[in-house]
Amino acid sequence: MFSRPSICGNLSKLCRNGTATATATATPAAANSALALCTARGYHEVVGDIICPSQVRGIDHIRDPRLNKGLAFTLEERQVLGIHGLQPARFKTQEEQLQLCKIAVNRYTEPLNKYLYLSDLHDRNERLFFRFLSENIEDLMPIVYTPTVGLACQRFGLIYRRPHGLFVTFNDRGHIFDVMKNWPEPNVRAICVTDGERILGLGDLGACGMGIPVGKLALYTALAGIKPHQCLPIVVDVGTNNIDLLEDPLYVGLRQKRVVGREYDDFIDEFMEAVVKRYGQNTLIQFEDFGNHNAFRFLDKYRNTYCTFNDDIQGTAAVAVAGLYASKRITGKSFKDYTFLFAGAGEAAIGIADLVVKAMVAEGVSIEEAYSKIYMVDIDGLLTTTRKVGSLDGHKVNYAKNHEPMADLEEIVTAIKPNVLIGASACAGLFTPKILRTMADNNDRPVVFALSNPTSKAECTAEEAYQNTDARVIFSSGSPFPPVKMGDKTYYPGQGNNAYIFPGVGLGVICTGTHHIPDEMFLIAAQELANFVEPSDIERGSLYPPLQSIRDVSMNIAIGVTKCAYDNGLASTYPEPQDKRKWLEDQLYNFNYETSMPVTWTWPRMPYIKTRELVPTKLYGKKSE
């Protein structure tokens, strides 16, 4: 619930001119009612990047979260804006407000209550919310993002307060552009869209999946400085196959089974065309939490015709490969020396594997050898060309081996002897103590990534990984885990969070006006993230830098993406900036309060010039007879 709220206040502007004649002949009560209706201000009167002072009244500075500063308005501002007396006498700085926010959010013990507090803060004071989030990202990211956002999606029907994005339903087919026009912001540059079919590891949540794009785009601003009015969360609601939701009286989406097949594809096509028609060809469209069977289809279908990427596939891949790059500094091995085993063959696993192949090819390995180093297990067992059960559809076929069929993961680990074990299965506890001990027996420093979200779906905990490998494991997870104490040493496992990747990629893409997003940009992002890992991070058990440094990571990634865009002719913003860092920094969102006073300036004293005498002009008309 942390994106641009939208209750369109523009209707009041439309009716002001037409009200006078209507109220002239109406009764006093009706006239007063109509006048009150037409002079009412919308929740968001200010839109776009430039505020027009003549369109903003004093009271708007309190009502509109983009303008509101709470008790930080100075005495002069309060008096000039006409809001003096509407607030207590106390004057606060933004720093004092941040201290109060920290006290307030820490009063709550339940993560969902913290989520609701932050949502309310965003609805009241936008700059304060984003500064609070950006400066306390280690504490607050688990609230606005995984794992708490998963709980917020599950309770969405109960906690829904006001719109924070667009709901485009299947019933709107043929009119999606008309729905898009209802969003009042004219300069949207980044859209995060989901159909809610595969929310984290929680399954089909339908329209309740809105919490995911809302949370993602909040991190675009907090971690990369992308202006919040340029971000738009969208749910394309085509129904849900979740029976519990269909029978839930609090469910807020279409109460019908999911639309599939040609009708569904045509609906998504219309949506993509409507986005381009409304906001332009270079609008970034981030696909999020679509079902496995649709995610790769849409990525392959749209990647060369729209500015789009799938974070579950490409973002997850980049952050995982960054961890693998960092692991090489511990093992002393290169990618070609690794044997990889993926537990899970969905969009996350395939995305990571595909980027690992590109990383190996970049190191000089042939593509055939790169594929041969990667084994993959799905629900039916090891992907092989000889198995009789399960399918090898889509990208799975690239990783099928000429090997006897095997179904038990413990037996597969024993037979293949992988150096790297990556979990993307959403199957809690899949990495049993026996599997972890086998990894430790076969490797001096086994690499184990338990990437499934939320925490309840992780293949193993950090404590289980360290305990069953004599603390020799190189561990990473998709959700945060507490520190693990082994003997005299405490390990702080790093979280392979996509938030290290997608904000920086988004910033570079938006600023350059990139046409299409190649996988090379995500490999660059992985390398930039890995380069940011210090020896001290590795020593404490993390393959990733501290979350406090994530804004610096995002800037480095954005610079790398910007260079890639211009080098490959993908950018549309010219001329190419020479100092790319300064150019990007000049376009960032300002988290600090700005003056609410209108800009004034002086004129030079006019020189004295004597004017001639004013003689009235006579108007001659036809003489009356």
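From the backbone N, Cα and C atoms, a Cβ is placed for every residue, glycine too.
Note that the structure is a prediction, hence the values are computed from the model and not measured.
Long-range neighbours of TYR145 (active site, proton donor) (same chain, six or more residues apart, CB within less than 8 Å of its CB): GLY215, LYS216, LEU219, ASN497, ALA499. Per TrEMBL, active site, proton donor is recorded for TYR145.
A simple way to gauge crowding: the CB of LYS216 (active site, proton acceptor) has 29 other CB atoms within 10 angstroms, across all the protein chains here. Here TrEMBL flags LYS216 as active site, proton acceptor.
The (S)-malate binding site annotation in TrEMBL covers ARG198, ASN453, ASN497. All chains included, 24 other C-beta atoms sit within 10 angstroms of the C-beta of ARG198 ((S)-malate binding site).
With a cut-off of 8 Å between CB atoms and residues at least 6 apart in sequence, the same chain places CYS192, VAL193, THR194, ILE212, PRO213, LYS216, ASN310, ASP311, ASP312 near GLU288 (divalent metal cation binding site), listed in sequence order. What TrEMBL records for GLU288, ASP289, ASP312 is divalent metal cation binding site.
Here TrEMBL flags 122-303 as domain 'Malic enzyme N-terminal'.
What TrEMBL lists as domain 'Malic enzyme NAD-binding' is 313-566.
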Remark   = Greatest Cα separation in angstrom, residues ARG198, ASN453, ASN497 binding (S)-malate per the record, works out to 18
Ask   = In sequence order, which residues at least six apart in the same chain have a CB under 8 Å from the CB of ASP289 (divalent metal cation binding site)?
value = THR194, ASP195, GLY196, GLU197, ARG198, ILE199, LEU200, GLY209, ILE212, ASP312
Task = Ten-angstrom check, please: count other Cβ atoms within 10 Å of the Cβ of ASP312 (divalent metal cation binding site), all chains counted.
result = 25
Note = Not counting GLU288, ASP289, ASP312, residues with a CB within 8 A of the CB centroid of the divalent metal cation site are THR194, ARG198, ILE199, ILE212, PHE287, PHE290, ALA295, ASN310, ASP311
